[in-house]
């Protein structure tokens with residue numbers, strides 16, 4: 001960018017409005033070329049990511065406590081008192097495996113950078129270092145003072161712009177974005193499975209207790225047993241409905257290559273969408289394999305973020321939209 005740039009004032013998401021300043025170098029809205037997300041260097045993936053939001057932290061703690069409550073009732077009310085050893089071992093292994101995968105997925109979704117754009121890099125020097133082509137337009141977020149790549153949105157809770165942000169979920173105390181959507185999908189899937197498994201065990205336990213003596217089917221008194229099972233049944237039904245809907249919504253978003261925010265703001269159709277299966281492979285980290293269902297596997301198909309790049313320092317620009325002048 002050798003010549004001075006023409007700057008057009010606009011709002012944060014005013015990509016559909018024309019610039020207010022006149023000039024031959026100021027592009028019309030339909031001629032603007034948004035800057036690709038790969039041009040903007042992302043935050044370091046090795047850095048610890050944790051949002052200090054009171055509501056989100058409380059919701060995350062409640063999530064873990066509810067899983068631990070289900071663990072307590074399943075083990076000490078239904079499985080351990082059972083006279084059928086094979087039934088107890090089989091369901092105990094299955095329940096604990098699903099619970100472990102669900103909590104691990106929750107932890108990965110909460111502590112993984114969802115795709116945050118570097119904060120405070122909206123400087124003239126940094127824009128010049130990007131070596132953009134004439135006709136491209138650069139958008140600055142007025143809230144976190146970062147250069148926004150295409151399809152990035154600002155989260156008021158994370159206080160950052162997030163690439164392909166779907167929504168901010170207080171239950172994982174994080175945004176659901178480009179880098180952690182897989183873990184959020186796995187979390188909702190495993191919670192739905194563990195809820196369904198729990199409901200089936202509650203039904204079988206009630207039938208067993210009705211046929212046998214209530215004092216022999218549980219280590220607790222009959223009233224306490226009934227209360228614990230009813231609460232567990234209510235919890236399992238509630239979480240089954242909620243997480244099943246969230247799981248279906250997330251899979252639909254991946255297959256259609258559009259996020260919840262983009263649908264809400266009517267921004268769909270402004271980019272070249274990829275086929276459903278290609279979008280699934282991108283979101284889950286490569287070709288279909290058992291690693292799709294593992295919260296321990298990384299998204300190996302995604303390019304590693306560029307690190308250790310010296311960003312030229314300077315004053316934050318005032319304009320929200322900067323257009324690279326045409327030759």
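The backbone N, Cα and C atoms fix where each Cβ goes, and this holds for glycine too.
According to TrEMBL, the feature domain 'Palmitoyltransferase DHHC' maps to 140-265.
Residues or ranges marked as region 'Disordered' by TrEMBL: 1-27.
Residues of the same chain lying 6 or more positions beyond the ends of the transmembrane segment (55-79) and with a Cβ under 8 Å from any Cβ of it are 87-88, 91-92, 95-96, 99, 102-103, 106, 110, 157, 170-174, 194, 198, 201-202, 205, 218-220, 225, 228-229, 231-232, 235-236, 239. Annotation comment: TrEMBL describes 55-79 (among others) as transmembrane segment.
The transmembrane segment feature in TrEMBL is assigned to 85-103 (among others). Same-chain residues lying 6+ beyond the ends of the transmembrane segment (85-103) with a Cβ under 8 Å from its Cβ atoms: 64, 67, 70-71, 74-75, 79, 186-187, 190-191, 193-194, 197-198, 201, 293, 295.
Among residues of the same chain six or more beyond the transmembrane segment (183-208), those with a C-beta under 8 A of the stretch's C-beta atoms are 67, 70, 74, 77-79, 82, 91, 94-95, 98-99, 101-102, 105-106, 108-109, 112, 169, 172, 176, 217, 229, 232-233, 235-237, 239-240, 243-244, 246-247, 250-251, 254, 283, 293, 295. Annotation source TrEMBL lists transmembrane segment at 183-208 (among others).
If you look up TrEMBL, you'll see 220-242 (among others) marked as transmembrane segment.
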Helix-strand-coil residue split for the domain 'Palmitoyltransferase DHHC' (140-265), DSSP-based: 71 helix, 17 strand, 38 coil
Segment confidence, the domain 'Palmitoyltransferase DHHC' (140-265), expressed as mean pLDDT: 91
